[in-house]
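I have placed the structure first, in the form of structure tokens, so that the comments after it can refer back to it.
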Amino acid sequence: MRWPWTGSEDEKKSRLTSWTGAVSTTNWSSTFTDAQTLIPAVVFAATTVGALRIYKSYFRRIPSVNHIKPGYFRRRSLFGRVTTVGDADNFRLFHTPGGRLAGWGFLPWKKVPTTREGLLRKTIHIRLAGIDAPELAHFGREAQPFSKEAHEWLIQYIQDRRVRAYIYRRDQYDRVVAQVYVRRWLWRKDIGLEMLKMGFATVYEAKSGSEFGEFEQRYRDAEQKARESKVGMWSKSTILGRLRGGSAKAPESPREYKQRHTAADKLKKII
């Protein structure tokens, strides 16, 4: 093929006339609306849009609570690896969307960091929904009986394991309140429910902020059974419980512990 601007002047004029005539006489509207052109273009566009929506919905990694869209709560779940356990009712989750099927764990660019620096601002703080565990020592307050045992149990149960969190809401401490499940052999275990069975937690009793979904009665039944079986924190009365006139069957609950310290703090401010 020779371009219109090459050759002699006469050849240039001839080819230019021929080329511009062909362009002007081409029916461009029919070319772009022709089925052979239009259908592949529509399919390609639809496939691209669909792939982007799937990626954003299921394979986009969420690094922190600030990246969770409001519409996700009560509709979506997060799958990831537990990196650290805080108190006995909360932990840090590194989101790994798609899990092993998406290459997490074996692709070089899809590895969960193992250092504190590598995890900084890349995890989601999860608060187990529907339960309250004994409090560790914080802010000058003494540790609650069985807080160490509950904390160690949770570490052994979920540390470095993959879990699925069904998210409910964001709380006042920028944690995501969620019902969380972990695979233990062939069974999927509700972590909050297992803690209640072990006697390492009570059903959450705060007036506001409680989240149960459809599992409240199951949780209450599990706590009652643990009380009757005298396991975990229900196994014996505490010194504090006896001083407060309690019995072996009624140790101080995490909620009562918080209320006692809140009242003491208010009294200090008045004095």
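Every residue, even glycine, has its Cβ placed from backbone N, Cα and C.
Keep in mind the model is a prediction, meaning the values are calculated, not measured.
Broken down with DSSP, the compositional bias 'Basic and acidic residues' (252-271) shows 17 helix, 0 strand, 3 coil. Taken from TrEMBL, the feature compositional bias 'Basic and acidic residues' covers 252-271.
Summarising the annotation, TrEMBL assigns domain 'TNase-like' to 76-236. Across the domain 'TNase-like' (76-236), the prediction's mean pLDDT works out to 92.
Feature annotation from TrEMBL assigns region 'Disordered' to 244-271.
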